[in-house]
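Taken from TrEMBL, the feature domain 'FAD dependent oxidoreductase' applies to 6-311. Taken from TrEMBL, the feature FAD binding site applies to THR42, SER43, VAL156. Residues or ranges marked as D-dopa binding site by TrEMBL: ARG271, GLY297.
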Amino acid sequence: MAQHADVVVVGGGVVGLTTAIALNEAGLRTVVWTAEVPRQTTSAVAGALLGGPVMTEPRDDAVRWQKTGLEIFDELATHPHSGVTAARGRLVTRMDGGTPPWARDLPGFAECSPDELAGFKAGFWITSPIADMPCYLDYLVDRLCRSGGDIEICTVASLEQPTSHAPIVVNCAGVAGGTLACDDSVTPVRGQHVVVENPGLTEFFYEGGADDDWTGFFPHGDRVVLGGNARKGDWNLEPDEAQTADILRRCAEVEPRLADAPVIKVDVGLRPGRPSIRLEEQQVDEGRLIHNYGHGGVGVSMSWGCALDVVKLASA
Ligand SMILES: Cc1cc2nc3c(=O)[nH]c(=O)nc-3n(C[C@H](O)[C@H](O)[C@H](O)COP(=O)(O)OP(=O)(O)OC[C@H]3O[C@@H](n4cnc5c(N)ncnc54)[C@H](O)[C@@H]3O)c2cc1C
């Protein structure tokens, strides 16, 4: 098993890898223990939009975490192999109320013309970094190894298990983080995406404020990730054919070039739903335990801000 380290991070999704990088880069030798390789995690499924409105609790911290993240993602977008790019795209809604006042402060804001609304009630353009997640996770693994960290494939039965290998354990186990911490406020929020060959799109599209089903697409080079849905309490990781057809139909209504795009694959992930992100140290008898889980539908955008707060806790 693992060599002795300062910290064991449990979880090799975007939250665990980013946390481990931040700890290593701050001088704490950190290893990641993960049940799945990063490309098989929920994190690999995300679209992933990194800017836009913050609807997460704890709200003040979430605003700060997103701001920290955006500064880092904007910088990563200048690296050719990070998987992060700066993109222009539309945020739309089917809800009443028009364009919210905060939207005008977003980078690249411009109201959509009636044609650009594609049948939605309101919408506007912004510029935001987006991440091609399989590629971004490869970048994180490489950066983790370059910073002196390591990854081991193993499933822990409890958060006490790693304490014999390191004095500090960080719980970044996503939806399983709740089970490991005996926290029954964590719920899976199942999401399905369809990945198609890119018919030439460069701009993203995302419907905010929808409950179960939303329409959106994110171009990443020769692929486009189409979405999507959010089903609370559903643990099923099998793709659903009816949902695939529905996603393809809704996206093609907005962007007709997607109608005949060949499907590459269908991905399913379980967002770690929780009323509020849990980032805190818990008093335990053995060693030190820090939690960093429950990021719901915004784990990628929150990942850097949360990781740097874990460094502060671990260094205290
Ligand atoms: C369809 C969809 C679209 C999304 N779009 C966006 C978006 O646009 N922007 C955004 O910011 N977010 C988005 N998200 C949300 C984002 O994907 C999640 O918030 C994020 O991936 C959570 O990361 P995580 O590292 O906490 O969890 P995960 O990626 O689930 O990783 C959990 C890790 O813990 C490991 N693990 C679990 N149990 C154990 C154990 N017992 N022992 C060892 N290891 C264990 C797993 O193997 C895995 O490595 C989306 C999610 C979905 C499903």
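Please read every residue number as a count from 1 along the shown chain.
Placed from the backbone N, Cα and C atoms, the Cβ positions cover glycine too.
Taking the features listed in TrEMBL, we show where each one sits on the structure.
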{"residue": "THR42", "record": "FAD binding site", "Cβ within 10 Å": "26"}
{"residue": "SER43", "record": "FAD binding site", "Cβ within 10 Å": "30"}
{"residue": "VAL156", "record": "FAD binding site", "Cβ within 10 Å": "19"}
{"residue": "ARG271", "record": "D-dopa binding site", "Cβ within 10 Å": "24"}
{"residue": "GLY297", "record": "D-dopa binding site", "Cβ within 10 Å": "19"}
### Task
Whole-number Å only: compute the distance from the Cα of VAL156 (FAD binding site) to the Cα of ARG271 (D-dopa binding site).
20
### Task
Taking only the Cα atoms, work out how far SER43 (FAD binding site) lies from GLY297 (D-dopa binding site), in Å, as a whole number.
10
### Message
Could you state, as a whole number of Å, the largest distance between Cα atoms of any two of THR42, SER43, VAL156, the listed FAD binders?
### Response
19
#### Entry: Stretch-averaged pLDDT - the domain 'FAD dependent oxidoreductase' (6-311)
96
## Note on the structure
Simplified to three states, DSSP reports ARG271 (D-dopa binding site) as strand
### Summary
THR42 (FAD binding site) and ARG271 (D-dopa binding site), compared by Cα position, are separated in whole Å by 7
### Message
Which secondary structure state does DSSP assign to VAL156 (FAD binding site), in the simple three-class scheme?
### Response
coil
### Query
Which three-state DSSP class does GLY297 (D-dopa binding site) fall into?
helix
## Note on the structure
Per DSSP (helix/strand/coil reduction), THR42 (FAD binding site) sits in helix
